[in-house]
Amino acid sequence: QDSCSHQCGELLGTCSCQVTCQSLGICCPDYKEFCLQISPYSGSLMGGKVFLIENTALNASSVLTCRFKQNIKTSGYVAKDGKAHCISPLLYETGFIPFEVSTDDGLTFPYSGTWLSVHHSKISDGEKCTLVNETKWQYYGTPNTDGNLTLTWTHQALAATRINIEVWGYQETGDSYSENWLAEWKYLYTLAREIPNIGKFSFIPVPAKGNYSTWDFGILRITPSSYSDGQSNIPSVWSREHALAWHLGKDFRNDPNAWATAKCMEWDRKEEKLPNFMEEIIDCPCTLAQARADTGRFHTDYGCDIEKGSVCTYHPGAVHCVRAIQASPQYAAGQQCCYDSTGSQILTYDSTAGSTPDRGHDWGSPPFMKPPRIPGFSHWLYDVISFYYCCLWSDNCHFYMKKRPSSDCRMYHPPRAASAFGDPHFFTFDGLNFTFKGQGEYTLVESDLTSLRVQGRTQQAHFPNGTGAQVTGLSAVAMQENNSDVIEVRYLEDLNLEVLLNQKIVSFSEQSWMDLKGLFLHSTADQNITVMFSSGSGVEIRGSGGFLTLTVLLPEKFMNHTQGLFGVMNGNTEDEYTFKNKTTMSVHASPHQLFEFGANWAVENGTSLFTYDTEFLLNNFFYGEKHNASFQPVFFPYEDPADPLVKEMVLLCGSDPFCRFDVLTTRSLQVGSSTRLSHQNHKLLVENLEPVISCGWLDHPTNGRKNGTTYLLGSTISFICNQGYELTGSKERTCQVTGAWSGDTPSC
């Protein structure tokens with residue numbers, strides 16, 4: 001009999017060590033012993049989190065070694081209850097990290113699993129120690145900020161009666177944007193030793209000794225006192241990363257403004273020598289509506305979120321900011337875009353609340369590991385601590401804004417959207433809609449540009465008071481781009497969504513955002529799943545009334561590069577019904593002809609992205625036909641005037657043809673209502689993604705001022721001279737359809 005020792009994820013001769021083996025009942029007998037399940041499954045990239053290995057009975061005498069990424073070793077232990085534990089290491093990356101376990105002191109590593117390393121800011125507050133009144137820590141020593149500082153933590157997080165509190169600093173050494181540019185978290189000194197683990201510590205900070213006081217960005221670590229100072233990868237509770245104002249030297253405390261001004265000027269000079277990343281970052285969406293609709297490329301900035309009450313500390317006056325999801329290609333820079341209550345972009349030229357781009361993307365970017373791609377910390381070093389120097393600890397913000405000006409939206413092109421929902425209705429990228437009631441697995445969109453593939457499975461659905469009429473709907477969607485991870489979303493019987501990552505069920509119980517290979521994955525509390533591929537294409541999926549609703553967003557570069565049920569995206573509806581062999585069918589085709597078109601896009605086994613992990617799926621979709629040719633759908637549901645349901649349908653649906661269709665085929669008003677909502681959402685999305693013309697920012701004349709801060713089509717800016725000056729040129733200028741301002745540049 002084969003064994004899963006060293007073989008997790010493999011299909012062996014007599015049995016399987018793949019994740020699908022349990023539901024198929026073909027696992028090797030020792031699958032659960034060697035292929036590890038852990039709890040918790042995630043923690044901060046800073047490491048030091050103890051996790052339990054759930055399914056392996058290891059004996060108490062074994063010496064446990066845990067090895068991450070084949071080279072980072074941490075010590076494990078078996079507790080009195082016989083349960084094995086590992087400690088997560090300090091990592092300079094986020095995402096799923098493979099690990100193995102040895103019980104023979106590191107000779108062999110037959111057990112394996114994965115650990116999810118998470119951006120430090122995305123870890124729940126309860127897992128960190130808390131800097132009480134954080135602002136006070138970060139402004140300590142500036143005017144009116146002194147007294148004692150307090151640190152609190154969950155004392156149960158560390159199994160120790162006495163603890164030490166250490167100060168660590170972050171630095172990047174070597175030459176910028178070169179091979180020798182390296183990131184390092186470094187132990188500096190121990191702030192307090194052997195103090196009781198009661199969850200609270202207060203102290204009056206003094207300037208750090210020696211050259212430690214030159215470290216201005218860092219973090220605190222609490223560890224059991226039994227370990228030595230600065231020992232790596234031991235049980236730890238970290239604070240938030242922060243500006244270390246509280247331990248800076250006497251020179252800072254004597255004159256914080258002068259100290260910070262000098263630092264700001266030094267940063268400004270350094271920036272002069274670095275390459276200009278502004279050229280290659282994506283432009284901002286013109287309006288808040290566009291920014292919130294372009295979910296494949298922009299995501300809520302947690303520091304300013306309209307859904308959480310618009311608490312925008314760094315951007316007063318903004319109601320919402322978004323960040324570009326992908327870092328820029330060469331310099332891994334980030335973009336941020338902020339909007340006011342009218343939905344207009346706020347620019348730094350007009351207000352310090354304006355959005356500022358980032359030399360280092362806050363979320364880091366693959367392949368991580370080296371600057372400028374370290375999640376969170378590279379960003380702190382180039383874009384945040386410098387904000388403290390120039391804007392918060394001194395009054396030199398104009399220097400910062402000059403190096404980090406907002407991007408306007410003149411070069412922004414919204415993506416195009418295609419959707420499928422209900423008893424499947426399809427809306428193509430070019431705006432054509434049709435109903436295709438096939439049963440099987442089909443290519444919804446594929447692109448030769450990035451090898452993007454999105455496939456949909458339709459299954460027959462049964463409704464309690466249905467007539468047995470043939471109803472199908474989307475029950476699963478699978479997707480991949482280039483050689484990214486494969487994501488599949490399924491609709492379960494209990495109306496919950498199940499997400500598979502490379503065939504394995506993903507749990508969102510600890511993390512709602514995951515950095516994966518070639519994509520980011522996000523799940524909202526109400527189970528909206530968004531997949532954001534590195535090309536900027538996005539896929540949104542949610543369950544609604546028995547069927548999946550799917551939306552695919554593609555940036556403009558995909559023009560003329562798509563095929564499948566969602567059509568050829570090129571702004572022309574005439575060629576939407578294009579077959580695999582490139583022949584086309586008239587847009588006035590009958591439902592029967594459309595059925596043929598759909599059937600042509602059935603997936604082949606060799607190219608299917610779906611997981612077949614049950615007998616049912618194997619028999620019906622893997623061994624069976626990909627398109628069930630014997631399945632005969634209802635093409636024209638009959639509307640019987642005497643049918644009491646028809647009256648209610650008219651009230652519910654109005655003139656919405658898709659809502660009416662689905663009520664008649666499913667005999668369920670609830671399905672009709674879900675379909676109507678999905679249809680409305682699609683129309684709204686397409687509206688929000690309409691291109692907006694921008695004429696770009698206008699400055700006020702020297703010795704004058706201007707009225708107006710919106711620069712979109714139809715906006716008017718007026719100019720006034722200061723007293724004693726006369727205006728020549730245009731008194732007001734209006735943004736025109738051509739994207740140019742009317743009139744001439746005024747001067748005073």
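Cβ atoms are placed via backbone N, Cα and C, with glycine included.
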Which of Cys721, Cys735 is the other half of the disulfide bond that TrEMBL records for Cys748?
Cys721
Cβ contacts within 10 Å for Cys721 (disulfide bond), all chains included, total 19
Counts by DSSP class (helix H/G/I, strand E/B, coil) across the domain 'SMB' (1-39):
8 helix, 6 strand, 25 coil
Leading contact stretch, 256-404, 416-609, 693-748 vs the domain 'SMB' (1-39) - CB distance under 8 Å
416-609
Number of other Cβ atoms within 10 Å of the Cβ of Cys748 (disulfide bond) across all protein chains:
18
